């Protein structure tokens, strides 16, 4: 018998006596229970001195041993075993991780490697059985992609056949079309090979041909960049009887000794002064600077610059420009005038842009060729076949609509490209009363059982049994029973013993 512990307490009936719950001293066995302070002899407990007091007992049950695995502390997809009164957790078979974080290897394909697909919560290769005969399969982003092997053509999901090789006449190609030589160069065909060289007045080696210069600073200090060549800027800059000195790429003209006048137009010899005093006027001697003339009015002289010259006429007048650097960057110095250098420079279907005083030709958008000579439209590109290779994925077909690929799933397949798939691959993907037949969930009973037999589906499998009152092999034929006996129960399937 299980021994339970009790704690005595006293209930006070009248005021002025012991309080409720006060323990009784040395109380022995009462009602079959022993007080912990009682002696072991069978003596009766001493009588209570106050009849109005009575003893009560508070029962404290001993806790029964508990199962540490109920409830399970191990979490989902795990099992719990009791070892030495402790719960020992482990993951179920085919599950990974550690309790309480056990989980299937995968739930969706994104939890697998790029070349695997999640099939029945396992990361597997989706290729086996997917592609047709003579087709290759490779997995892209978890999806099997079928394509015909080199030298084969056809539907890679059904069958690929050998492509008949027909001799193709290869037209001789021009190695200079398109030119491999780069800008500012020319290409010549020599023994069916391209030979590149820089255009005249360009330096370097193809494909890095370039002008000798584009700005003055790329030339020595005594030369200037003229038409992308480093040249002496003096020729044609000064007038007759004047000499030219180049300083920091710019020509400076002054009359030779014994000459005077405009060094840009011409200098004349200084006349020998006659001893006879000449009448002095406001303009004699001229108070004006170079390239200016003195005009007398009302006994006073005034200086003005010569036509097409600018500046302070009392100091010096100069032309609009002498070098390109005297003009805006989109103009060039032509005949001492800042002008647009583009007219007549570029070829047909080309446009001209001025950069740092220099004209640059380029073909119009969509044109190609030599912009300095002529630009033309390139030959049309062959149309791309948007369905080769198919972007639609397995179990799908591809149609070209308005030069775009339109994907759809094959008949009897579900989903949407590129995730088309059969209704089932294995029977576990069907309801329990259906079986996966030809990738469709179908009733497996038709045509399975014999005559006078009935069929029912259990866990995807057809089970044949003879009808009531019949006996025999339910897979072949059931015959009426000759005598009343227990109905013959047929076998439960070809896999049952």
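Glycine too: its Cβ is placed from the backbone N, Cα and C atoms.
The compositional bias 'Polar residues' annotation in TrEMBL covers 9-18.
What TrEMBL lists as disulfide bond is 234-244 (among others). Sequence-distant contacts (6 or more apart, same chain, Cβ under 8 Å) of residue 244 (disulfide bond) comprise 234, 237, 238, 251, 252, 253.
Annotation note: residue 445 (disulfide bond) sits in a coil segment as assigned by DSSP. The Cβ of residue 445 (disulfide bond) lies under 8 Å from the Cβ of 455, 456, 457, 462, each on the same chain and at least six residues away in sequence. As annotated by TrEMBL, disulfide bond applies to 445-455 (among others).
The region 'Disordered' annotation in TrEMBL covers 1-48.
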